[in-house]
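What follows is a single structure, written as structure tokens, with notes after it.
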Amino acid sequence: GRSVVEFGDMVCKRQQSAVSSAGSEKPSGKEENVHSPEDKRVTKSKEKSKHLRTRTGRKVKSDVTDRFRKKEQSSESSEGEKKQGRQRTGTRGKKSTDLKEEKVKREREYESSSDGTEKLPEGEEIGLFSKGVKQNKNDTTDEAKKGKKWKDKSCEKKEELSDSVDRLPVKGESCDSSEDKKTRNRVSLREKKQFSLPAKSSGKRPECSSSDTERSVKGECCDSTDKRVKRIDLRERRSSNSKRSTKEVKSGSSSSDAEGSSEDAKKQKKQRMSAKKKNSNTKERKRKSLRATTTKRKQADITSSSSDIGDDDQNSAGEESSDEQKIKPVTENLVLPSHTGFCQSSGDEAFSKSVPATVDDDDDDNDPENRIAKKMLLEEIKANLSSDEDGSSDDEPKEGEKKRIGKQSEETPGDDGSNQVNSESDSDSEESKKPRYRHRLLRHKLSLSDGESGGEKKTKPKEHKETKGRNRRKVSSEDSEDTDFQESGVSEEVSESEDEQRPRTRSAKKAELEENQRSYKQKKKRR
């Protein structure tokens, strides 16, 4: 009698501990002995209904975590109950061997249930739960038969859907991916529920009313079967839709690839055409630029050539004018030394003295009468040359030059400015050349026995000429300087030609040329 009372107290305490754990912990094996198999059925059906309700809101991660937590809680609760039972047995100290054996068996059962495998107890428990096991087996057989029927129907529906695949429109890849994810999530949830149902079924508290439990079990079975059928239909539809979408996507991708390839070819052609156009445009621009540059160069060459021609014309005009200036004094300078030389060779000193006197008179006066007098003198010279045919052969080219000089002077009788320049150049050349054609004794200031007074007369007009020449040089411009330089050069050439005729006086003439060059340089420095 004591053992029965103690056992009842332990059962009450264990029920209180199960209530505190919010119904998530597993009951002890003793409670299973007390209650009927109908209570177990009710608890299983309630667990299934609650699990189906909360199915849609759960996720994979939450399910996994909940399972681990529940297993840990169940293991902890079982260990706590074991400890409490051991303490109570230790305090009371009076228990029968039968109770000890039952405790050992029940501990083994708890361990097997924590691992997810349910094992029926031996002895009396087998007789108590045999009826519930048979009923569970019958329920499972009925559900299996219904599942087979639904499978046959689903196969027929799949065939019909495969026929209607071609008619349906194309769905995007995004829809396919979303549907595939949903189907996978649902399949995983179902599998997890199937594993979790047997573990949770044992953790619920039993209810006393047997009639209510039977009704709820029947309604839940019907609901579960209907839901299963709907789920199977949804799976088949989604799988068929995914197959269609994949086929259509492949066909669409092939068509889009063909279109894309055609578009790419068109784009490449356009790019090539544009590149060709650009190249042609650049070539045309280069050609135009080359043409423009060539035309500009030609124009520049033409302008430069025209300017060069103008400069050449100006230079040629200036050279012609300078040539004219050169020619006139040269020819006139050649005349006077030839007269003097011829007069000295013939021995007519009076005629040689009269020629420079007339030239000085011409320098003083610029009237046409002086010009006429010059012409008369030239004619007289020609007559003297024709009369004196016994002269040396060296004098013959000089006579031709004299004729040319006479013609030029007759052709240009009215040029006043040229006569002025000629008169200046004549005076300069006379200064440089008269001492050359003196007698040797006169250069050394030695006079002839008959003509000392004549030498004095010559020196006076020479001094008078030098003063006049200096005054004219101060007034004259740079052009006269050039003419003086040219005249000095001409006089040097004439002196060289005369040196060939007169080898006796070469040393004296060289000394005079050096003196003349020195005097010319000094004059330039003064200016």
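Positions of Cβ are set from backbone N, Cα and C atoms, glycine also.
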*In Swiss-Prot, which of these is labelled phosphoserine: S162, S289, S306, S480?*
S162
*Of S96, S114, S497, which does Swiss-Prot mark as phosphoserine?*
S114
_Going by Swiss-Prot alone, which of S112, S202, S274 is annotated as phosphoserine?_
S112
*Which candidate, of S338, S346, Swiss-Prot gives the annotation phosphoserine*: S346
*Select, from S20, S196, S345, the one residue given the annotation phosphoserine by Swiss-Prot.*
S345
_Labelled phosphoserine in Swiss-Prot - which residue from S113, S316, S477 would that be?_
S113
*Can you tell me how far the Cα of R184 (citrulline) sits from the Cα of K105 (SUMO2 cross-link), in Å?*
42
*Taking helix as H, G and I and strand as E and B in DSSP, count the residues of the compositional bias 'Basic residues' (267-297) in helix, strand and coil.*
31 helix, 0 strand, 0 coil
*asked:* Let's see if you can do this one: DSSP helix, strand and coil counts over the compositional bias 'Basic and acidic residues' (509-518), in that order.
replied: 10 helix, 0 strand, 0 coil
*Helix, strand, coil: count each for the residues of the compositional bias 'Basic and acidic residues' (368-382), based on DSSP.*
15 helix, 0 strand, 0 coil
*K105, R184: which of these recorded positions has the sparsest Cβ neighbourhood within 10 Å?*
R184
*Across the region 'Interaction with DAXX' (290-427), what does the pLDDT come to on average, as a whole number?*
58
